[in-house]
Amino acid sequence: MTNIRKTHPLLKIINHSFIDLPAPSNISSWWNFGSLLGICLMIQILTGLFLAMHYTSDTMTAFSSVTHICRDVNYGWLIRYLHANGASMFFICLFLHVGRGMYYGSYTFMETWNIGVILLFAVMATAFMGYVLPWGQMSFWGATVITNLLSAIPYIGTTLVEWIWGGFSVDKATLTRFFAFHFILPFIIAALVIVHLLFLHETGSNNPTGLNSEADKIPFHPYYTIKDILGVLMMVSFLMTLVLFFPDLLGDPDNYMPANPLNTPPHIKPEWYFLFAYAILRSIPNKLGGVLALILSILILALLPFLHTSKQRSLMFRPITQTLYWILVANLLVLTWIGGQPVEHPFIIIGQLASISYFSIILILMPISGIIEDKMLKWNL
């Protein structure tokens, strides 16, 4: 008798995706982040659902409803901090997942990669709107500053901003719609994740060598299920340490003050995971130019398949491009640091140099190094 998991219409989809899926035998721990992101998404949806049961999306009561969750709801403080720090965990895994894709040339799976870029934008939008909901000082001013960037769009900018605000400033209407979008987007993300996996399973996974692994596949279960469980345990341990010992480490103290439109905080800055993009935005003196650079800093990922010049897929055997890659990583850390600093000397010039090098490495230096490496190998294939 054939096993039910191979015949049942629903179970066989799960079987082909997580049990009998042929996977390359040599994928390293860098391939764990997909499953970790799935766990992060589930944690965020569940904690978010319980928070939404007690939260009110009204300017008069939003801040106090979050206080009520932390003080009066059973384990409300735990749910709230799991949700807030879960977002940070989500972005840590996201950046590592994207970094893995860049290093090993996974972007050559065009459909999977492009859905991934859309997912990144969707997660960033969700996180931004979620940061507005507690209605603290940084929530209000962050929302004001970031939505105001749209006014840089010629002709329709001002109208567009007022349409998004639902008035002439960030107010009750803005908070209500941000809550609605923040609630619905994770489910759209979950649907996109399924499409992401669908396209991935059409081609099969990449592997560290970047070579074809058709000749040597192993079943996903038990080999990679047990490996994923180890990754999940490590991530959850890290998350719980963060939540139980340092819950406010990654937050902004200003957000413990209720939103006040009459009092601007000394340094308006987003959450840590947006600081690199914020630094790029601020490094350009022109408003429209800054907005374009901000969007391009993420959208540039969609160009990677077209910027790949090497005959090798992975960076595993390409020392010059490897060096450039790690310089890029260091550069992103510098941008993240600059994004959290005030706009004054020497931070302005450091931010501008880091922004120029960010785009230069991806658009110019990496494609050139790919050609040089091929020439050095005398590959005339």
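Cβ atoms here come from the backbone N, Cα and C positions, even for glycine.
Swiss-Prot lists 33-53 (among others) with the feature transmembrane segment, giving similarity to another entry as the kind of evidence.
Counting only same-chain residues 6+ beyond the ends of the transmembrane segment (77-98), those with a CB under 8 A from a CB of the stretch are 30, 33-34, 36-37, 40-41, 43-44, 47-48, 50-51, 66, 69-71, 116, 120, 123, 127, 130, 235, 238-239, 242-243, 247, 250-251, 271-273, 301. Positions annotated as transmembrane segment by Swiss-Prot: 77-98 (among others).
Feature annotation from Swiss-Prot assigns heme b b562 binding site to H83, H182; the stated evidence is similarity to another entry. Cβ neighbour count for H182 (heme b b562 binding site) (all protein chains, 10 Å cutoff from its Cβ): 21. Secondary structure at H182 (heme b b562 binding site), as computed by DSSP, is helix.
Sequence-distant neighbours of H97 (heme b b566 binding site) (same chain, six or more apart, CB under 8 Å from its CB) are F33, G34, L37, listed in sequence order. Positions annotated as heme b b566 binding site by Swiss-Prot: H97, H196.
Feature annotation from Swiss-Prot assigns transmembrane segment to 113-133 (among others); the stated evidence is similarity to another entry. Counting residues 6+ beyond its ends, the transmembrane segment (113-133) has Cβ neighbours under 8 Å at 55, 57, 62, 66, 87, 90-91, 94, 98, 101, 106-107, 139-140, 142-143, 146, 174-175, 178-179, 181-182, 185-186, 188-189, 192-193, 195-196, 199, 270-271, 273-274, 298-299, 301-302, 304-305 in the same chain.
Residues annotated as transmembrane segment in Swiss-Prot: 178-198 (among others).
Annotation note: H201 (ubiquinone binding site) sits in a helical segment as assigned by DSSP. Counting every protein chain shown, 14 other Cβ atoms lie within 10 Å of the Cβ of H201 (ubiquinone binding site). As annotated by Swiss-Prot, ubiquinone binding site applies to H201.
Sequence-distant contacts of the transmembrane segment (226-246) (same chain, six or more residues past either end, CB-CB distance under 8 Å): 29, 32-33, 35-36, 39-40, 43, 78, 81-82, 85-86, 88-89, 93. Residues or ranges marked as transmembrane segment by Swiss-Prot on the basis of similarity to another entry: 226-246 (among others).
Look at Swiss-Prot and you will find 288-308 (among others) tagged as transmembrane segment, backed by similarity to another entry.
For 320-340 (among others), the entry in Swiss-Prot reads transmembrane segment.
The feature transmembrane segment is assigned by Swiss-Prot to 347-367 (among others), with similarity to another entry given as support.
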Chain residues in Cβ proximity to the transmembrane segment (178-198) (below 8 Å; excluding those fewer than six residues from its ends, i.e. six or more beyond): 17, 37-38, 41, 44-45, 48, 52, 55, 57, 112, 115-116, 118-119, 122-123, 125-126, 129-130, 132-133, 143
